[in-house]
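Below is one structure, written out as structure tokens; the observations come after it.
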Amino acid sequence: MLSLPAVCRLPSASGSGSILLMELSVISPYKGKTGLRRVINATGYSLAGLRTAFRQEAAFRSLVALNVVLLPIAFWLDVSRGERALLVAVCLLSLVVELFNAAIEAVVDRISLDWHELSKNAKDLGSAAQFVAMFIIAAVWGVVLLG
């Protein structure tokens with residue numbers, strides 16, 4: 001069972017209204033699976049998400065291409081296991097951040113295609129997260145390669 005906070009505005013003597021925080025319990029019809037069935041379903045949803053990202057998101061495809069170049073180089077370089085793991089991890093991190101960024105953009109667009117300051121902020125923050133991830137890639141690769 002999922003508990004969600006709900007906000008109600010109650011009339012008050014001053015006329016401003018007071019806020020009462022309540023808890024609503026919602027049972028999701030999508031959360032009934034357990035065990036192996038849940039893992040199988042989750043794997044299917046994950047693969048569908050990766051397919052969608054690759055088909056619909058140019059930025060995700062660009063990052064996949066970057067990873068196709070960088071990951072073999074990470075294994076070819078004469079570096080320690082720890083450095084190699086770090087090089088691989090930061091590359092894969094960029095894909096994770098882009099998946100979150102694409103998800104944020106999809107939700108914002110689902111709510112409304114109209115311009116709104118909060119929608120712009122959400123999309124800009126997702127983009128900023130990817131910018132930081134790319135900076136981390138450059139910094140880690142720079143430190144490992146240049147010592």
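Cβ coordinates are placed from backbone N, Cα and C, and glycine is handled just like the others.
Predicted automatically and left uncurated, TrEMBL annotations should be read as such.
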TrEMBL ATP site partner of Arg38, Tyr45, Glu57, Lys123, Asp124, selected from Glu83, Glu105:
Glu105
Are there residues at least 6 beyond the ends of the transmembrane segment (86-108) whose Cβ is under 8 Å from a Cβ of it, and what are they?
49, 53, 56-57, 59-60, 63-64, 66-67, 70-71, 74, 77, 79, 119, 122-123, 125-127, 129-130, 133-134, 136-137, 140-141, 144
State the non-local partners of the transmembrane segment (58-79) in its own chain: residues 6+ outside its ends, Cβ under 8 Å from one of its Cβ atoms.
87-88, 91-92, 94-95, 98-99, 101-102, 130, 137, 141, 144-145
Highest CB neighbour count within 10 A among the binding-site residues Glu57, Asp78, Glu98, Glu105, Asp124?
Glu98
Who sits close to Leu77 (substrate binding site): which same-chain residues at least 6 apart have their Cβ under 8 Å from its Cβ?
Glu83, Arg84, Leu87, Val144, Leu145
So among Trp76, Asp78, Val79, Glu98, all listed as binding-site residues, which is physically nearest to Lys123 (ATP binding site)? Use the C-alpha atoms.
Glu98
